[in-house]
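Q: I'd like to ask some things about the structure below.
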Amino acid sequence: MYPPMQVDDSDLPPPPPLATHINLIQAPTTCHAAFVLAHSPRTSTQRFTPTTYQRASSLQTDDDVRFDRYIDGAKNPDEASPLDLAVKWSVRTMRQVSLFSYYGNTFVSARMISWTVQITLIHAALLASLFAFTPELFAFSYRDPSGTGTGRCDDIVDGIETTVYAAVANVIVCLPTSHAAMFQLYTTQRKKSYFHTICELLVMMEIVFLGCKLVLDVYLLIVRHFYRDCLNQLPTSLKAKVFVLLALDVYVYVACWYQITLFNRMRDVALGQRNMLPTNHLFEFSDPDWWKLWQISPSRRRSLREIKRGLYESAATGDEAALDQFLHQAISLDGADFHRSWYSQNRLFGRHVATSVRNPLHVAVIKGRTNVVEKLLAAGFDANALDKIQTPSLMDLSQWYQTIFNVLVFLRSTNFSEASGASAHRYGPSAFWCQTLLTPLHVAMMHNESAIVGLLLAAHADPNQVAASNQRKCLVPPLFHADCAVCLRLLMDAGANLLHIPGNGFFMTAYEVVVRSGNFNLADAMVEWGADIALTPMHAAAADGDWKTVATFLEAGIDPNILGENSTGRFHRTPLHWAAMRGQARVVEVLVTAPECNVNAVDLLGMTPLSWACVFNHDVVVELLLRANADVTVVDTRGRGVVLLVAGFESHAQRPREAVLRLLRAYGGNIHARHDITGESALHVALKRGHVEMAKLLVQMGLDVTAVDAKGVRAIDCATSSEMQYAVKKAAGQRDVMISYCHSHRSFALKVRQSLEDHHITTWIDQLDPTGIGGGSEWREEIARGIQSASVVLAVLSEDYPQSQWCMKELAFAKLHNVPVVGITCGNVVVGDELEVYLWTRQAVDFRPSILSTAKAGNHVTFEFDNNQ
């Protein structure tokens, strides 16, 4: 073993507090910190040499002696003594006779055979005993307590005869342990065998039989007063025989139940060995047009079935070449829009009838075939098409089998294959009367396929489309199936409604569903997006944009600042909060016109309706709230102002955030506001989160890239990459390098500039020939600004550089403002006393070895370079 790594994690920061629930997750322990340290970049490349195996003690135990003897015998079989060989071969012979090599290395089969043999032998003994003792018992009678006459004492053993009837079923369900091909539970094609169905049927019948037998036996014992009259008459020897038979009957009855559990475990093992999943049958192709016998000609129906099967199976397996072939055949058969008539018209008929069209887009999402999904979407497949995934079969006894096992409490604990029933029925209830149609986005969210979620949303999938179902709990949008923060962020960026309340008896938001499932990390991520619980119908109407219902509530005297139904809610939000989050401008306007409405109501996170409207980039709502005197200086519980909240999100070309920022500034908002605790500006926040477009927008609005926070860190130093730093500096007009050169060597200067910018170093270069500018004052002012904004001046030292008055003035201006000067030599320049005064390093970097040749055309010199230098 490796020596344990001791790590002091006392200085590690605690996990962030959860704002929505009690944090039951403990802080990182030493083991966790050691794991992180061992896998950190600093230590992950270190090579560890495992220690040599050593015994814990120098004293040999009996087990050590036996182990050493076994290893020696295995390595040197020819040196074994005759006694050892005799013992070894006798043990091997005994195990061969007992079929140990065939059944010894099995989880259930050996035990199944053992119990079947016991049950069968006991059944045979009981049958023989009944033939021997029944005539003796028949000679005695008892008085029937019901008053209908007398009965014979052989009635005592009637229950034993009934138990024996289960013997045949016990032998049949044990046949799969023989490993014979005809008795296997699954075929080589990983499909359920017919014998498996027979076994399931027998087990279900046996369960019902054993249950009825127990009830009947107990009933007869009670009504016949436990056969006391018979027991009082029977001789002692016969009475003992009866008790032995009854004890064996009870034992074999319990053994039958145990054998049922063994069969179920054997079935579970077969599921795993064959890589079978309870939901595999859901993704097997079946002809969706089987019922259209009178609508489709036989030849067309045959072509449709072959093409649809090919599309479905190639999408499931990810065979892109086959998929292209079948797409071409489908287009040839029904045109480029074939998918509309084949897959986009599925719906719920009469609220209780639905079929599956076996949409290849759905199965590609389920199987995680990202390339196939992209190809199907490019072919025009509808990202909002509905399809039924959960398709139960009345001929499949497995569902009834699992139902019986789940109902019986004492068998439920043995039903391991159904331990995760939620995942098995994630596509909707499996009962044949339940109908649920899902979109590809629903399925992608169920499987946490973030890449596919992004593809579907890019193909205009509706993040708020509700599934079609006759089950109220299934009438939910994709957000209710969220299980990862990345998928959640994609949906929220696409405009998903986190405040949706399904209704119809299901009054919970997606946030409540996640909290109840115990996914607290995702719940915290939802809180950042404004998640809430179901509060009141007025809140729901505000979020849905139903201004008429909101107006009706206001006219009825409902308080516009209501927080919940007889409560203050979890986050203390008003209907105006909900309307602002969802960007419902009409509802906001209706609410703010109410005299009692508090425009600056603060929730538990310190957020006002204006804060949430800015977060979700609803510029129209922001303007309505600002006109209603919303406070632009509000700060949340984390010390963030409204501008800092906006800076935490990227500004996309489709939804730029410039309008919100300009509105805030126009109504008195401080665009330069800092964080109350860290002193960070909005530019710090944007650059830390990697929001390059937002950062460029902020610097264009006047934020300083050199502004420092409370720790003295500049905003530009928070950039997460050199590319981002380069883009922001360029947008801010800040240049790292100002290039000074003679215009005769313009081609060399441009080559240097291109090389620097390829390495994300911003440059400023004057490309105007000074001989063409009159007066020179405007030119000098532009160059002065370029030098002052640069971090260093790069002088391209050519033969005519010292004679250029403009170049020397540039160096003098740089020295005056303490801007360093670095020289690079591209010709035979003579560095005189005047030039040497200005060079910061007093030496130049010689670039002449990289120049292969020069050519002069008029006043311009061109160069041929060795790019490897």
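Keep in mind that glycine also has a Cβ here, set from the backbone N, Cα and C atoms.
The transmembrane segment annotation in TrEMBL covers 121-142, 162-186, 198-222, 242-260. According to TrEMBL, the repeat 'ANK' annotation covers 356-388, 436-468, 533-565, 605-637, 678-710. Sequence annotations record features per position, and here TrEMBL assigns domain 'TIR' to 733-847.
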Q: Please spell out the DSSP helix, strand and coil residue counts for the repeat 'ANK' (533-565).
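A: Taking each residue of the repeat 'ANK' (533-565) in turn, the totals are 17 helix, 0 strand, 16 coil.
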Q: If you run through the repeat 'ANK' (356-388) with DSSP, how many residues end up as helix, strand and coil?
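A: Its residues divide into 16 helix, 2 strand, 15 coil.
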Q: Counting only residues 6 or more past its boundaries, what in the same chain has a CB within less than 8 Å of a CB in the repeat 'ANK' (678-710)?
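A: Same-chain residues near the repeat 'ANK' (678-710) but 6 or more away: 639, 643-644, 646-653, 656-658, 661-662, 665, 671-672, 716, 718-721, 724, 727-729, 731-732, 734.
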Q: Which residue counts does DSSP yield for the domain 'TIR' (733-847) in the helix, strand and coil classes, in that order?
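A: Helix (H, G, I), strand (E, B), coil: 49 helix, 25 strand, 41 coil.
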Q: Suppose you look only at the domain 'TIR' (733-847); what would the mean pLDDT be?
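A: So the average pLDDT across the domain 'TIR' (733-847) works out to 77.
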Q: Using a Cβ-Cβ cut-off of under 8 Å, list the residues of the same chain that are 6+ residues beyond the ends of the transmembrane segment (242-260) and lie near it.
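A: Result: 112, 115-116, 118-119, 122-123, 125-126, 129-130, 133, 137, 156-157, 159-160, 163, 166, 170, 173-174, 203, 206-207, 210, 213-214, 231, 234, 411.
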Q: Counting only residues 6+ away from its ends, which parts of the chain sit with a Cβ under 8 Å from the repeat 'ANK' (436-468)?
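A: Same-chain contacts beyond the flanks: 346-348, 354, 359, 361-362, 365-366, 368, 370, 373-374, 377, 383-390, 426-429, 474-479, 481-484, 486-487, 490-491, 494-497, 500, 502.
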Q: What parts of the chain pack near the transmembrane segment (121-142), using Cβ distances under 8 Å and only residues at least 6 beyond its ends?
A: 150-154, 156-157, 160-161, 163-164, 167, 224, 227, 229-230, 233-234, 238, 241-242, 245, 248-249, 251-252, 255
Q: Report, as numbers and ranges, every residue of the chain located at least six residues beyond the transmembrane segment (198-222) whose Cβ falls under 8 Å of a Cβ in that stretch; write 'none' if there are none.
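A: Contacts of the transmembrane segment (198-222) (Cβ under 8 Å, skipping residues fewer than 6 from its ends): 155, 158-159, 162-163, 165-166, 169-170, 172-173, 176, 185, 253, 256-257, 260, 263-264, 397-398, 400-401, 404, 408.
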Q: Can you tell me which parts of the same chain pack against the repeat 'ANK' (533-565), counting only residues 6+ beyond its ends and a CB-CB cutoff under 8 A?
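A: Answer is 497, 499-501, 503, 507-509, 511-512, 572-576, 578-579, 581-582, 584, 586-587, 589-591, 594, 596-598, 601.
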Q: Counting each residue once, how many in the repeat 'ANK' (605-637) are helix, strand and coil under DSSP?
A: 16 helix, 1 strand, 16 coil
Q: On the DSSP side of things, how many residues of the repeat 'ANK' (678-710) fall into helix, strand and coil, could you say?
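A: Counting residues per DSSP class in the repeat 'ANK' (678-710), I get 16 helix, 1 strand, 16 coil.
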